[in-house]
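Written out below as structure tokens is the structure these notes cover.
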């Protein structure tokens with residue numbers, strides 16, 4: 001399932017979103033969404049119902065469709081969605097709070113493509129872009145073979161407060177996900193890989209002001225969770241809170257393995273390389289302290305050719321802090337060339353097997 005996320009009025013739009021296969025599925029039936037007035041929810045629902053088995057749903061060019069309700073479009077199979085027009089979302093609606101989305105597409109081999117517009121929070125966005133999201137922009141859940149390509153996200157605060165929880169992409173319970181060729185301005189994770197995920201590749205992404213490229217958080221409340229085979233490469237993070245990161249909770253179970261960060265440029269970043277098994281919310285500190293000795297196992301991690309500069313927040317360039325009973329293992333660091341600030345302290349490697357042989361741990 002791919003969620004078009006919107007707690008109040010954000011929505012996910014993908015230049016090409018693929019569930020189950022590459023390319024655009026062959027579709028014999030075309031269902032053009034009728035323009036019905038101030039609320040086009042029913043017309044959109046009907047078009048998807050009529051074309052849910054091997055059809056193409058068309059949002060016409062130069063047409064604005066008003067969505068005043070929640071759309072859960074299920075049982076889709078081999079459906080193409082041609083977004084040539086504009087979808088305009090409503091403002092805050094309490095009914096959507098529990099779902100965290102205005103639009104959900106549920107099915108197999110569903111494609112979204114075209115050069116249309118989604119209007120969120122009364123702001124026009126084009127070329128499959130999302131602006132001013134009050135919550136996470138995109139979510140991939142219970143899906144396989146997903147391609148997210150050439151999108152633009154821009155959510156920035158108009159005050160000194162950061163736009164919290166505005167992740168660019170959250171992935172959970174999915175496999176074979178590719179996110180590439182995109183520009184992001186967000187207030188939280190540029191990528192957050194959550195539980196039961198295998199084979200994610202992120203490349204050629206520029207992220208501004210976010211929390212970096214993250215695996216986790218994982219293991220909250222003692223959960224048993226797993227992430228395997230993640231490739232993050234040829235990307236940039238500017239003015240980010242974190243650069244490349246793995247974060248797990250104390251007391252968690254499971255594993256994180258086969259993770260590679262390569263050729264990532266981090267400019268003016270607070271925590272360029274941050275790996276911790278001590279991630280915790282402020283209101284959970286007692287639990288975290290009592291379960292601090294164990295967490296998920298983190299192994300087979302390669303960090304190479306990381307360049308850029310550290311901010312003057314006084315954090316180490318490399319901070320790897322693992323648990324005493326579940327130390328991190330099989331780490332390789334090379335080509336870390338981050339320019340220090342005047343107050344940058346020495347790097348930290350705690351409970352990392354083989355740290356004495358890793359040059360970056362003593363830098």
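From the backbone N, Cα and C atoms, a Cβ is placed for every residue, glycine too.
Swiss-Prot has this to say about the protein:
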type: CARBOHYD; residues: 121; note: N-linked glycosylation site
type: CARBOHYD; residues: 142; note: N-linked glycosylation site
type: CARBOHYD; residues: 150; note: N-linked glycosylation site
type: REPEAT; residues: 174-195; note: repeat 'PbH1 2'
type: REPEAT; residues: 197-217; note: repeat 'PbH1 3'
type: CARBOHYD; residues: 199; note: N-linked glycosylation site
type: REPEAT; residues: 256-277; note: repeat 'PbH1 5'
type: CARBOHYD; residues: 321; note: N-linked glycosylation site
Around the Cβ of residue 150 (N-linked glycosylation site), the count of other Cβ atoms that are within 10 Å: 14
Integer Cα-Cα distance in angstrom, residue 142 (N-linked glycosylation site) to residue 150 (N-linked glycosylation site): 22
Helix, strand and coil counts within the repeat 'PbH1 2' (174-195) (DSSP): 0 helix, 15 strand, 7 coil
DSSP-derived helix, strand and coil totals, residue by residue, for the repeat 'PbH1 3' (197-217): 0 helix, 17 strand, 4 coil
